[in-house]
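Q: Pasting a structure here, questions to come.
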């Protein structure tokens, strides 16, 4: 693209209509998947990506939240914490391990950050290989066929395209009404890029799963960690399961300040942070000092600087997200949006990737298939992992009535917990079914080791219309946690003890 109009006019005379078939704003999971897929089906594509440093100055490369400050570093740090537990278990299994064992943050952080940088590089190479033009620029809309790119130095480039796709995702928010919050606090944008250990940490969360995951791995590597929760810990998830997750974390050593709200953060001369908070029910105020405060009070969509308003792209005033139709189209022709930036979509990397690929095929006229956002499985990587697919019990009840559903459940003990003498009180699963007929499975929930690995397979079965009778016909793999799902036979309605006995 060029900013010079006369060159563009010559181009028009030669019969070129636009510089590109597709310009994608946002080089995260969704934007990269969409641009690469579009190039694969013969489109001329450019992708713009620009990372505005966090308030604390943290910045990163191509790839978006998941790669740099989300799923990837989080899962690796979760793994670091699991290994700590494994070392404790190992002694019971006969491994002679000299005491005391301790964790070195710098070693872990450097290894994780190096892996992330290798992924940044990999993304750049892939774009080159697939002939996608990558521009490290902040993109904004000029009209429905024109995008302006601005470099860090302020140099402008104009690109024209038949279609424009917005996949800019979101960034963590800071609370606006708490003195010292921004000055002294960090967010998930910073935690994974810290060079030295955050030390004693308080995490203020507004039902975020990422925050709980961070609290879990910080506890697991031996840091004093407190979670402050205003109302509930995992909004949008099945609440019975959410309680099991946090109960396990409390036993694991994470402290919780329930029904509390922060009032102010002050830096003491010692360098420590003094946090003042209030218990909602009693209005009593408390104070303690921490080395680090991490805000996890929600994410804000990256829409402000896109120039949506002057084009009339409709956004939801409350959430700031772009309103989209089932085909990811916005209120303005030729402009599409998907991923975390789009209203009502699950904020998950794999949905953005799949939606992006399908959109690329539709825009190239290769297919009319739409993204199906129903029954998408996910896993929360807390110390006791929680995997689910389909409806929560609350949602199933709302849709089908209490008498319209049957819930099969079990408290089970993973075999590896036995010799290690670990408490399995929170290892639980439930299968939420329609009560009538074949008892179609509406939702499946599991807390326990490797929840993500287990849930992926069951997600496929739900896509195929799995029923409770299908579960009964399936033979288990012994000894596994997964077999407990297909052996489940006690209903909540029966009131019988759901604890699994025997091998």
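Going from the start of the chain as shown, residues are counted 1 onward.
Yeah, the Cβs are placed from backbone N, Cα and C, and that goes for glycine too.
TrEMBL labels come from automatic prediction, so no person has curated them.
What TrEMBL records for this protein is below:
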{"type": "DOMAIN", "residues": "20-356", "note": "domain 'FAD/NAD(P)-binding'"}
{"type": "DISULFID", "residues": "66-71", "note": "disulfide bond"}
{"type": "BINDING", "residues": "75, 139, 340", "note": "FAD binding site"}
{"type": "BINDING", "residues": "298", "note": "NAD(+) binding site"}
{"type": "DOMAIN", "residues": "376-485", "note": "domain 'Pyridine nucleotide-disulphide oxidoreductase dimerisation'"}
{"type": "ACT_SITE", "residues": "478", "note": "active site, proton acceptor"}
Q: Rounded to whole angstrom, what's the largest C-alpha distance between any two of 75, 139, 340, listed as binding FAD?
A: 30
Q: Would you count the other C-beta atoms found within 10 angstroms of the C-beta of residue 139 (FAD binding site) for me?
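A: Summing over all protein chains shown, residue 139 (FAD binding site) has 27 other Cβ atoms within 10 Å.
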Q: Using DSSP, tally how many residues of the domain 'Pyridine nucleotide-disulphide oxidoreductase dimerisation' (376-485) sit in helix, strand and coil.
A: 39 helix, 31 strand, 40 coil
Q: Taking only the residues in the domain 'FAD/NAD(P)-binding' (20-356), give me the average pLDDT of this model.
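A: Averaged over the domain 'FAD/NAD(P)-binding' (20-356), per-residue pLDDT gives 97.
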Q: Just to confirm: which same-chain residues, 6+ apart in sequence, have a Cβ under 8 Å from the Cβ of residue 75 (FAD binding site)?
A: 381
Q: Using only C-alpha positions, which one of 66, 298, 340 is spatially nearest residue 478 (active site, proton acceptor)? These are the recorded positions in the record.
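A: That would be 66, nearest by Cα distance.
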Q: Report, in whole Å, the straight Cα-to-Cα distance of residue 340 (FAD binding site) from residue 298 (NAD(+) binding site).
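A: About 12 Å separates the two Cα atoms.
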Q: If you count other CB atoms within 10 A of each CB, which of 66, 71 wins among these disulfide-bonded residues?
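A: Buried the deepest by this measure is 66.
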Q: Look at each of the recorded positions, 298, 340, 478, and point out the one with the fewest other Cβ atoms around it within 10 Å.
A: 478
